[in-house]
Structures are given as structure tokens and as C-alpha cells.
Amino acid sequence: MAAASGYTDLREKLKSMTSRDNYKAGSREAAAAAAAAVAAAAAAAAAAEPYPASGTTKRKYQEDSDPERSDYEEHQLQKEEEARKVKSGIRQIRLFSQDECSKIEARIDEVVSRAEKGLYNEHTVDRAPLRNKYFFGEGYTYGAQLQKRGPGQERLYPPGDVDEIPDWVHQLVIQKLVEHRVIPEGFVNSAVINDYQPGGCIVSHVDPIHIFERPIVSVSFFSDSALCFGCKFQFKPIRVSEPVLSLPVRRGSVTVLSGYAADEITHCIRPQDIKERRAVIILRKTRLDAPRLETKSLSSSTLPPSYASDRLSGNTRDPALKPKRSHRKADPDAAHRPRILEMDKEENRRSVLLPTHRRRGSFSSENYWRKSYESSEDCPEAASSPTRKVKMRRH
């Protein structure tokens, strides 16, 4: 049997099998030794290089992302620096107690009541959706009242066109500010009461530098809110960008603006910051060289025949001004639908003939629909036009 398999005896076969097993074992040992050598080389390379070669790509990615991160950090630093400048021009004092606030708020309600009864001069009261303004001492043209838009176009009304500052403002508000050395004696000659309903706002602006001295002093009543700096407004629907600084204003607190906060950056009241009724009394001093509307310089040929009698009765309506806004009360639900504010009132001057796809849902301005209705009464051609399919109605 051993000869048939090619081996002379059994010992030769056993010897050949042993040598084959030794070869296989040697191959395995050699492979293990080679792997150990590779591992040792890798360890030596790692000791020489702090980061593995595979980290090169990651490091390159980090280097590539550094400029982007740097731009973001630079933007944040600029924003923080601007906020610091704004804060440097702000002074806040918690000055009025709860009882004092209640007394002043009752007086503000009296002002609102007198205005509803028509007891003030025409230019004393200015109404807008969810916000009414009451000018005392000095009033000025602004926003949609201007023939030309833009900073520097504001003008003071002629003397006597707005009512005098009420005695209670002097006694309950101004005198206390003087006693605490917030303002000097005799500083204030202009007082404005802004009365906001929930959702009301005032767009970003700078108090006219050519009209008012600094500082600008305001006192808050009825509820807490916030004064925001550096916001941008967009409309239809209204949207407001993030502010550079949002300053909490508490009921009974006094806010004094000067320097950068008053002159170099806009401030506003956002709709989302008026959750309850809020009123603010703004106290300022007009500049001696502030421009003023001069009704006397207008040619008599441009004035209506009744101008002289109106002037004597105190009912002045300067033809240089645009018609006043509606004196209707704002709808309480107006805060929950798109509103047309002062900066986009130009839409109201377009054609009263609306196409079908622009029905009432596209506009919420009370004046727009009322003017459209009245125009249809004045213009029979428009009323009978086949293109006019929208039925106008008062609301």
C-alpha cells in the first residue's frame, strides 16, 4: 500500500507530511511578523506626527471653514459694539409709583374722552389704526401728512394750531422730572401722548433732529412694553427684523435718549410688544431754528373763501397739508390681519376700480374702502362701468 502511493515506506510518508505542516506554520508566522512590522511602523509614524495622516482632510476642512466662522464672529462683534453704543445713550429710571401711575392714567383717559367729544384743535389729535397721538404745546407734520417724504421734511405747525400742555402734565409729570434732575426747569415745550391698543406699533424712525433738541424723555403707563432699536419693517403682512437692542420699558419708568441712541439709530415699537393697552408721554424741547409752516405766506388766491372765518374761529386747515386721516376708531381685530401703515399709504391713491382678483381681502385700510365708495357716488361713469364688479360698502 505504501508503494502504490509513491512512498517506499511509511516513515517517508510521515516525514513528508511533517515538513508540509511546518511550511504552513512558517507561513502563518511570517504573515504575523509582517503585520507586526507594519503596526510598529505606524506607531513610529504616529509618534513623529501628532495627528494621523487621515486627519489632514479634516484639518483642511477646518481651515476652509475659518473665514466663514470669522465673518460670523465679526458680524456678532459689530452688533455687540453697536448695542453698546446704543446703551451709552440710554438712561432709565423707575420714578413713578403705582398710585402716581393710576392718577396719571386717569388723566390720560380724560384726554381721550375730550378728543372723542371734539374739544381739541384739529391738529392736536392724530388717529391711526390701533394708535392715537395727542400733541400739546407744539405739533408737527410727519409721515403721510408730508407732500415730500423723507427725513428733514417735517415742519412745526403755526403757533396756536395745537392745544397748550395740560396743567396736570406739568404738575404730575414734568415737575417730578425736574425735582429728580432728569431735565432742567423750563426745558419742555412739547408734550405728546401716544395711546396704543394691543397690536399697535410705530415704525422705525429718528425723532427729527432739525425739530427737537436732545434729550428725548418718555414716561410709560398702563402696561409694560419694549423699545427696539435698529429694526427694519416690511409690510403686507407686517414683519419686523431682529433689533440691535430691545429695551424693556416698565409701567412708571422714565427713558431718556441722547447721543447715539437718539441720533444715529432708529427706534420703534413692534406690534408683538404691545400686548395690552399702553400709553407713553413724550416730553421734548423744539429748536429755536426749527422750520415751521407759514400760513400767512400763502397766496390768498389759493385759499378758499371761508379761510378767513375759519382762521378766526380756530379751525385752520393748511392747504400745504394732505387731508387728515380718518377719525374713526380702529377695529380691535385689526391687529390680527394685514394692515396698511403710514409708509405704504401710497396704495390708497390708486384707481378705485379694482379688478376681480383684488377684492376686499387684499386691503384692510378703512380709508381705502370709504374713499372708493364715495368716489363711486361722485363719478357716475365709474359706477356704470362694466369693469367695476366689486360692490363697495361702508363698514
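Note that Cβ sites are derived from N, Cα and C of the backbone, with glycine treated the same way.
Here Swiss-Prot flags Ala2 as N-acetylalanine.
Summarising the annotation, Swiss-Prot assigns phosphoserine to Ser65 (among others).
Annotation comment: Swiss-Prot describes 68-117 as coiled coil. The average pLDDT computed over the coiled coil (68-117) stands at 94.
According to DSSP, Ser70 (phosphoserine) sits within a helical segment. Around the Cβ of Ser70 (phosphoserine), 10 further Cβ atoms fall within 10 Å across all displayed protein chains. Annotation comment: Swiss-Prot describes Ser70 (among others) as phosphoserine, evidence class similarity to another entry.
Per Swiss-Prot, phosphotyrosine is recorded for Tyr72, and the stated evidence type is similarity to another entry. If you draw a 10 Å sphere around the CB of Tyr72 (phosphotyrosine), it holds 10 other CB atoms from the protein chains shown.
Using a 10 Å Cβ-Cβ cutoff, Lys87 (SUMO1 cross-link) registers 14 neighbours. According to Swiss-Prot, the feature SUMO1 cross-link maps to Lys87 (among others).
Just so you know, the Cβ of Ser88 (phosphoserine) picks up 12 other Cβ atoms within 10 Å once every protein chain is counted. In the three-state DSSP scheme, Ser88 (phosphoserine) falls into the helix class. The phosphoserine feature in Swiss-Prot is assigned to Ser88 (among others).
Per Swiss-Prot, N6-acetyllysine is recorded for Lys133 (among others). For Lys133 (N6-acetyllysine), the same-chain residues 6+ apart in sequence whose C-beta sits under 8 angstroms from its C-beta are Val125, Asp126, Arg127, Val192, Ile193, Asn194, Asp195.
Of all Cβ atoms in the protein chains displayed, 14 besides its own lie within 10 Å of the Cβ of Lys236 (N6-acetyllysine). What Swiss-Prot records for Lys236 (among others) is N6-acetyllysine, and it gives similarity to another entry as the kind of evidence.
Feature annotation from Swiss-Prot assigns compositional bias 'Low complexity' to 296-306.
Taken from Swiss-Prot, the feature SUMO1 cross-link covers Lys322 (among others).
Taken from Swiss-Prot, the feature phosphoserine applies to Ser326 (among others), supported by similarity to another entry.
Positions annotated as omega-N-methylarginine by Swiss-Prot, on the basis of similarity to another entry: Arg360.
The feature phosphoserine is assigned by Swiss-Prot to Ser362 (among others).
Swiss-Prot lists Ser372 (among others) with the feature phosphoserine, giving a large-scale study or a structure entry as the kind of evidence.
The annotation phosphoserine is assigned in Swiss-Prot to Ser375 (among others).
Within 10 Å of Tyr72 (phosphotyrosine), judged by CA to CA distance, lies none of the recorded positions Lys87, Ser88, Lys236. The two recorded residues, Lys87 (SUMO1 cross-link) and Lys236 (N6-acetyllysine), show a Cα separation of 32 Å.
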